[in-house]
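One structure follows; several queries about it will come next.
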Amino acid sequence: MDSVNMDAFLAGASSVVMIVAYAVYNWQVVRGRSTPNAASWLVWAVAGIVSASSYFVMTGSIPKSLAVITDATLCSSVFLLALFKKKFGKLLAIDFVVLGGSILGAGIWATWGSADTANLFMQVIGLVGFLPTCVGLIRGTLQEEKMAWFLWGLAYFFASIVVVKNFDSNWHNLVSPLLVGVAMHWFVAALVVYQSRSRPAHP
């Protein structure tokens, strides 16, 4: 398999896994097995749209950008589904701080205009968006299962291979798939596992 076909295969695999992850998560939300954090998912939905657009401009490559574009498109479905079904978890004070800071930051960025700057700034917002979910899991105000989070990380792992294999010395291209995509989703999956094992067993 030549390099171009390998990139296309990995990009396709990344998108398929991403779609499966969202299908699993939406099913969990409907069944009440996951309680999404409203602040996290709103931040991710808004930041994802800007991030996907700017990331495509930065890379100029559909295979490199496909996972980010797919993620941004489907991310809104979780927010809208949880909003419609009233499945959001309890909001904490930190949720409003993160949400307000993200909106303020996005407004400040609007005066800059560079795709690189926009994407990097949105990655920071995306990272901050994980904070309410992690705090909610630690405090027990949210309920999550590990499968979808593991699959999201796996999807970005495939996308990361494409980016690393075609690395063009622009380190900004690595932030989205590796840090926000792989590391943070697998961190949440690990946190879910840790929390489930640390809960006291019921008699």
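Placed from the backbone N, Cα and C atoms, the Cβ positions cover glycine too.
Okay, so TrEMBL annotates it like this:
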- 6-27: transmembrane segment (TRANSMEM)
- 39-58: transmembrane segment (TRANSMEM)
- 64-84: transmembrane segment (TRANSMEM)
- 91-112: transmembrane segment (TRANSMEM)
- 118-138: transmembrane segment (TRANSMEM)
- 150-168: transmembrane segment (TRANSMEM)
- 174-194: transmembrane segment (TRANSMEM)
Test the contact criterion for the transmembrane segment (39-58) and the transmembrane segment (150-168): 3 or more CB pairs under 8 Å, pairs 6 or more apart in sequence, then answer yes or no.
no
Do the transmembrane segment (174-194) and the transmembrane segment (6-27) come together with 3 or more C-beta pairs under 8 Å, pairs six or more apart in sequence?
no
Where else in the chain does the transmembrane segment (64-84) make close Cβ contacts, counting only residues six or more beyond its ends and a cut-off under 8 Å?
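Answer is 7, 11-12, 14-15, 18-19, 22, 25-26, 29-30, 36, 38, 41-42, 44-45, 48-49, 51-52, 55-56, 152, 155-156, 158-159, 162-163, 166, 173, 176-177, 181.
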Which bits of the chain, at least 6 residues beyond where the transmembrane segment (150-168) starts or stops, bring a Cβ under 8 A of a Cβ in it?
3, 6-7, 10-11, 13-15, 17-18, 20-21, 24, 59, 61, 63-64, 66-68, 70-71, 174, 177-178, 180-183, 185-186, 189
